[in-house]
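Features reported for this protein in TrEMBL:
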- 13, 15, 40, 61, 82, 102: S-adenosyl-L-methionine binding site (BINDING)
- 20-187: domain 'Ribosomal RNA adenine methylase transferase N-terminal' (DOMAIN)
Ligand SMILES: C[S@@+](CC[C@H](N)C(=O)[O-])C[C@H]1O[C@@H](n2cnc3c(N)ncnc32)[C@H](O)[C@@H]1O
């Protein structure tokens with residue numbers, strides 16, 4: 001067992017409940033030939049279970065002290081690095097890669113944004129995030145949780161909440177509930193848009209979420225407004241939160257393709 005005080009700046013809330021750790025690892029279904037990337041292994045509660053069941057576990061941990069201690073775990077290669085610096089495009093050299101992690105809450109949204117765009121690199125991800133973030137990621141059009149994060153994640157993956165986790169099973173205890181989320185990459189032929197263009201449209205639209213689509217297009221892309229509305233068959237009076245991920249993908253193509 002690794003003894004170290006928790007660092008708040010690194011979002012260190014260590015899972016204490018082995019039943020929940022087992023449930024998370026079971027959800028990933030690691031096989032003996034699988035390679036698993038663990039984000040933030042911490043004191044190794046998931047890692048120990050993974051090491052028995054997966055072919056190889058690579059842990060990316062920002063805390064130098066924990067990385068050093070983890071490196072002695074059999075079956076684990078621990079790397080001391082910031083997971084936000086991962087180059088997802090290079091990970092596709094590991095076919096069938098699976099991803100797991102009780103994500104540090106302060107970087108979860110940014111990390112998942114990057115991870116989704118790199119979804120060709122992995123087969124499946126099972127991650128724990130704040131419950132509120134999981135609700136936003138899985139939300140459908142129309143609700144208050146629906147926004148840029150929902151559209152982005154749903155454009156690359158099928159996200160699904162597997163189960164919720166209460167604060168009492170962590171030390172130190174976080175102030176919020178958590179959810180375990182599964183992300184399955186969509187087939188390549190469903191990702192027909194240019195990610196950079198989609199990101200631009202989604203971010204601009206949700207910075208103006210109370211405005212109507214026609215007005216937003218007039219402000220930012222007036223020269224393409226008419227053609228985009230016609231080609232995509234969208235109502236100019238609709239508000240961003242009423243459009244589906246497919247509407248946004250179509251819009252990004254109409255606005256930026258020649
Ligand atoms: C919520 S804890 C989970 C720890 C462990 N997996 C568990 O379930 O008990 C998050 C872990 O991510 C690490 N971490 C924080 N920021 C990180 C980053 N940017 N890159 C990699 N690891 C990070 C923390 O040091 C910590 O070990």
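Cβ atoms are placed via backbone N, Cα and C, with glycine included.
Structural mapping of features recorded in TrEMBL.
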{"residue": "13", "record": "S-adenosyl-L-methionine binding site", "Cβ neighbours (10 Å)": "23"}
{"residue": "15", "record": "S-adenosyl-L-methionine binding site", "Cβ neighbours (10 Å)": "19"}
{"residue": "40", "record": "S-adenosyl-L-methionine binding site", "Cβ neighbours (10 Å)": "23"}
{"residue": "61", "record": "S-adenosyl-L-methionine binding site", "Cβ neighbours (10 Å)": "26"}
{"residue": "82", "record": "S-adenosyl-L-methionine binding site", "Cβ neighbours (10 Å)": "11"}
{"residue": "102", "record": "S-adenosyl-L-methionine binding site", "Cβ neighbours (10 Å)": "27"}
### Summary
residue 13 (S-adenosyl-L-methionine binding site) falls, by DSSP collapsed to helix, strand or coil, into coil
## Note on the structure
For S-adenosyl-L-methionine, with binding residues 13, 15, 40, 61, 82, 102 per the record, max Cα distance (Å, no decimals) returned as 20
### For residue 40 (S-adenosyl-L-methionine binding site): DSSP state (helix, strand, coil)
coil
### pLDDT averaged over every residue in the domain 'Ribosomal RNA adenine methylase transferase N-terminal' (20-187)
94
